[in-house]
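Copied over from Swiss-Prot, here are the features:
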- Lys168: active site, proton acceptor (ACT_SITE)
- His287: active site, proton acceptor (ACT_SITE)
- Asn116, Thr166, Lys170, Arg288, His320, Ser372: substrate binding site (BINDING)
- Lys194: N6-carboxylysine (MOD_RES)
- Lys327: site 'Transition state stabilizer' (SITE)
Amino acid sequence: MAVKTYNAGVKDYRNTYWEPDYSVKDTDILAVFKITPQAGVDREEAPAAVAAESSTGTWTTVWTDLLTDLDYYKGRAYRIEDVPGDDTCFYAFIAYPIDLFEEGSVVNVFTSLVGNVFGFKAVRALRLEDVRFPIAYVKTCGGPPHGIQVERDIMNKYGRPLLGCTIKPKLGLSAKNYGRACYEGLRGGLDFTKDDENVNSQPFMRWRQRFDFVMEAIQKAEAETGERKGHYLNVTAPTPEEMYKRAEYAKEIGAPIIMHDYITGGFCANTGLANWCRDNGMLLHIHRAMHRVLDRNPHHGIHFRVLTKILRLSGGDHLHSGTVVGKLEGDREATLGWIDIMRDRFIKEDRSRGIFFDQDWGSMPGVMPVASGGIHVWHMPALVTIFGDDSVLQFGGGTLGHPWGNAKGAAANRVALEACVEARNRGVAIEKEGKAVLTEAAKHSPELKIAMETWKEIKSEFDTVDKLDVAHK
C-alpha cells in the first residue's frame, strides 16, 4: 500500500482541480459559470479556483486532505469555452460528485455553488449560468406540491390559460376594500386574484382580516358565476412559525391556494411550505421578488434559468416567469427556454435559448409559468402564443385600470383570451393576426372595445439588459 505524503504550502489550483480529460458521470451535478478573471489570472487557474472553493479546496494545502479521498469528492473544472462577442470572460464547466450535497436540499446546493466562491479575489466577476441536476438528485427533492394537471383538476379549468389579476394599489387598501376589489375581478371573469409580493400583515391591513374578506369575495363570486375561483393569499411572514400559522388559517377557511416569496422568504422556508401544501391539498403560488438583484447583471450573479430549476426542486405550483412583451425585461428565446425548464419533463441542450445541459426531471410535476407585469388586452395574442395553455396570464393594471371598473376590466380580458384561444384552435396565426382577432371580438364586447381604446398607445420598448450570449441558430 502506497504511503500518502503531505507537502505543505500553496499550490496552483489547476494542479488539482483542472481536469480537461475528465469524463462526466451521469450522477454528477454540472455547473457552467461565466468567469471574468482578474488581470494576470491564468485561463485554467480561474475555473480551477472556482471548482476548489465551491467544493473541497481552501487557499493552502492542509494535512487533513490525507484523511479523505480528495480525488473522489473534489469538484473538477473540465471545459472552457469562449463567450461569443465578449473576450473579457469565458464559460467554465465544473462537475461536482453528487455526494457533496445533502439529498433534497437546494439550500445546501446553493451554499456550495453560489457561496463564498462569489467573493473570491481570483475572479473579478462570476455568474452561474446553468446547472444540470442528475435524475439521482432530482428524485430526492419533493418538487411542486401538485403540478399543472392536478391544479386544473382542482380548479376544473381546461383548454386555455388561466386568467389572473394582482390587486392594486398593492399597498394601502383596507381589508374590506381589498376584498371588494377581488370580488369585482372574480365575478367579471378572472380565475384568480392575487396579493402582491409585499402584501404581508401591515397596519393598514392585517393578514387575518384580509384572508376573511378575500374568502368572502371568492365564495360570493363562485356562487354567482358557477366557476371555481381563487386568490393567492401571501403567507410570507417574519418567521417560519408565523408563516405556517397563516397557511393553516387559509386552509381552515377553505382557500384553494396560498403564496410565498421564495427568494426573500428563503429556500428552507419554501421547501417546508411546499411539503406542507402537498400534505394539506393546497396549491402554492411563488413570487420571485428580489430575483433581479441576482440575475440582471450579465457578468455577475445567478441566471434566472438556475433560479427556475431551484424552485422546481424546492417546490411551487406557479412561478412568475416574465412576459417578454410587458414592462419587465425578458429576452424571448431565453424566456421560452426557462418556461420549458419549468413545465417539461425533459429539456435538451439548446444554446440558442441559453440552455447548456440536457435536464431530465423524471416524473417530477411541472410548474405553471405566470406572465405578469405591465400587460393589457393588446398583448393577449402574443401571450397566448408564447405561453400556451399551461400558464397564468396575470393583468393587474390591465384589469383594474379599465375605465368602467374592475369587473369590466376582467370581462375584457376574458373575452380577449377566449377569442385568441378560439382563433388559435382554428389555425389562425394569432400573434400576426391578433389585431383582427381582437377587433372582431370587440364588436360583441363593449368592455373589450373600451380596453383596446384605452391602452392602444401603451408600449414597453426598452431594450433588454440581460441578452443571450449566443447567436440564435
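Cβ atoms here come from the backbone N, Cα and C positions, even for glycine.
A helical conformation is recorded for Asn116 (substrate binding site) in the three-state DSSP classification. Ranking the recorded positions Lys168, Lys194, His287, Arg288 by how many other Cβ atoms lie within 10 angstroms of each Cβ puts Lys168 at the bottom. Take the Cα of Lys168 (active site, proton acceptor) and measure to each of the recorded positions Asn116, His287, Arg288, His320, Ser372: the nearest one is Ser372. Set side by side, the binding-site residues Asn116, Ser372 differ in how many other CB atoms lie within 10 angstroms of their CB, and the most is found at Ser372.
Neighbour counts were taken at the CB atom with a 10 A radius for the binding-site residues Lys170, His320; the maximum falls on His320. Cα to Cα, Lys194 (N6-carboxylysine) and Ser372 (substrate binding site) are separated by 11 Å.
Look at Lys168 (active site, proton acceptor): DSSP puts it in coil.
For His287 (active site, proton acceptor), the nearest neighbour among the binding-site residues Asn116, Thr166, Lys170, His320, Ser372, judged by Cα separation, is His320. If you take the C-beta of Thr166 (substrate binding site) and look for same-chain residues 6 or more apart in sequence within under 8 angstroms, you find Thr193, Lys194, Asp195, Asp196, Ser372, Gln394, Gly396. According to DSSP, Arg288 (substrate binding site) is assigned to coil rather than to any helix or strand. Annotation note: Ser372 (substrate binding site) sits in a strand segment as assigned by DSSP.
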